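The active site, proton acceptor annotation in Swiss-Prot covers Asp174. Annotated substrate binding site per Swiss-Prot: Glu34, His35, Thr36, Asp37, Tyr223, in sequence order. Annotated ATP binding site per Swiss-Prot: Gly124, Ala125, Gly126, Leu127, Ser128, Ser129, Ser130, in sequence order. Positions annotated as Mg(2+) binding site by Swiss-Prot, on the basis of sequence analysis: Ser130, Glu162. The site 'Transition state stabilizer' feature in Swiss-Prot is assigned to Arg28; the stated evidence is sequence analysis.
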Amino acid sequence: MSLKEKTQSLFANAFGYPATHTIQAPGRVNLIGEHTDYNDGFVLPCAIDYQTVISCAPRDDRKVRVMAADYENQLDEFSLNAPIVAHENYQWANYVRGVVKHLQLRNNSFGGVDMVISGNVPQGAGLSSSASLEVAVGTVLQQLYHLPLDGAQIALNGQEAENQFVGCNCGIMDQLISALGKKDHSLLIDCRSLGTKAVSMPKGVAVVIINSNFKRTLVGSEYNTRREQCETGARFFQQPALRDVTIEEFNAVAHELDPIVAKRVRHILTENARTVEAASALEQGDLKRMGELMAESHASMRDDFEITVPQIDTLVEIVKAVIGDKGGVRMTGGGFGGCIVALIPEELVPAVQQAVAEQYEAKIGIKETFYVCKPSQGAGQC
């Protein structure tokens, strides 16, 4: 049963009438451009065919009822007439409440709604299950009540809800790609202007995500440290962000910087350049060059930004040994565990899967999870 069929059937059973709309919003993977977002730089994600699906209908009062199919059909209910506050017990409900509250704060006028939510974006894998939920809820209200919001505004509203209501500091990339993703394309995003450019993906190439299943522990504290080091670097160059520093300017004075800060800055500057070049390589179908750029990105994250772990490096090496120069592989996400992403010719996917199955657990003692994805369409009706 598809997520659409599941949520529609649950909706009818729970609320006693059929849903009028079914909306989806996808998760995402970032192909290249790591830790560049908060430096006002470039990222190159694509939406994936794992999504959050919501069957819904407008109500003629001011009540919101939400059922979470993936959490034992837990039901949350609140009124649009009262101040929206956090739910004491259901963390999932706070993503919904936060999005609704922030849409209200943006002076949008809408009535009540019934929703049933289900999703298959793996949680805790760094594939943006929370952003896909936020964008799906925003799109539900936009569609049901014809709100004058475009995808970028729905994305910004989701980011605001996550930062201010849920209390998790995130950049804009995850929500933006979920809202604006395009089938068979990745999206080059300028994190300063929020300008986007759709980049066609080469035919016959699979987007493979492999979760190391190594639980990230340092990610919060180390993420903040990296952010501070980047800000220190930008101040040294008297610029608002590292986006504004050229590699030539850096090379001329690198020796004057604290050595650790210098390494962090070098990663950001080279990663930004790689990301822009990667968009061109993909557009030209140059998988060999894309693979080189992904390898350079991984080495930079490992040696200059120091955010990889042995489990991740091992996974990358296993995949690289199979694909050679026929594709690319690197760590993706915040670091210290999580996932790797690979662009692989479809005919090589079984060999990669077999090599990883035979070698990773034997070397590391943890079983990986393997996802084969297609670059998918952003949020909308399904």
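Count begins at 1; order follows the chain as displayed.
Including glycine, each Cβ sits where the backbone N, Cα and C put it.
These numbers come from a predicted model, not from an experiment.
On the structure: features taken from Swiss-Prot.
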| residue | record | DSSP class |
| --- | --- | --- |
| His35 | substrate binding site | coil |
| Gly124 | ATP binding site | coil |
| Ser129 | ATP binding site | helix |
| Glu162 | Mg(2+) binding site | helix |
| Asp174 | active site, proton acceptor | helix |
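Same-chain neighbours of the substrate site beyond Glu34, His35, Thr36, Asp37, Tyr223, judged by a C-beta within 8 angstroms of the site's C-beta center, are, in sequence order, Gly33, Tyr38, Asn39, Val43, Gly171, Arg226, Ile268, Gly334.
A strand conformation is recorded for Arg28 (site 'Transition state stabilizer') in the three-state DSSP classification. Put simply, Asp174 is the one of the recorded positions Gly126, Ser129, Ser130, Asp174 whose Cα lies nearest to the Cα of Thr36 (substrate binding site).
For the pair His35 (substrate binding site) and Ala125 (ATP binding site), the Cα-Cα distance reads 17 Å.
Here the Cα atom of Ala125 (ATP binding site) is found 11 Å from that of Arg28 (site 'Transition state stabilizer'). Around Glu34 (substrate binding site), the same-chain residues at least 6 positions away in sequence with a Cβ under 8 Å from its Cβ are Glu271, Ser297, Met301, Phe305, Ile307, Met331, Thr332, Gly333, Gly335.
Tyr223 (substrate binding site) has Gly126 as its nearest neighbour among the recorded positions Gly126, Ser128, Ser129, Glu162, Asp174, going by CA to CA distance. If you take the CA of Glu162 (Mg(2+) binding site) and look 10 A around it, the recorded positions you hit from Arg28, Ser129, Ser130, Asp174 are Ser130. According to its DSSP assignment, Tyr223 (substrate binding site) is helical. Cβ-based crowding with a 10 Å cutoff singles out Thr36 as the top-ranked of the binding-site residues Thr36, Ser129, Ser130. Counting other CB atoms no more than 10 Å from each candidate's CB, the recorded positions Asp37, Glu162, Asp174 peak at Asp174. Cα proximity to Asp174 (active site, proton acceptor) (within 10 Å) is found for the following binding-site residues from Gly124, Leu127, Ser128, Ser129: Leu127, Ser128, Ser129.
Candidate binding-site residues: Ala125, Leu127. Fewest other C-beta atoms within 10 angstroms, Ala125. Same-chain residues that are not part of Gly124, Ala125, Gly126, Leu127, Ser128, Ser129, Ser130 yet have a Cβ within 8 Å of the Cβ center of the ATP site turn out to be Gly27, Val121, Pro122, Gln123.
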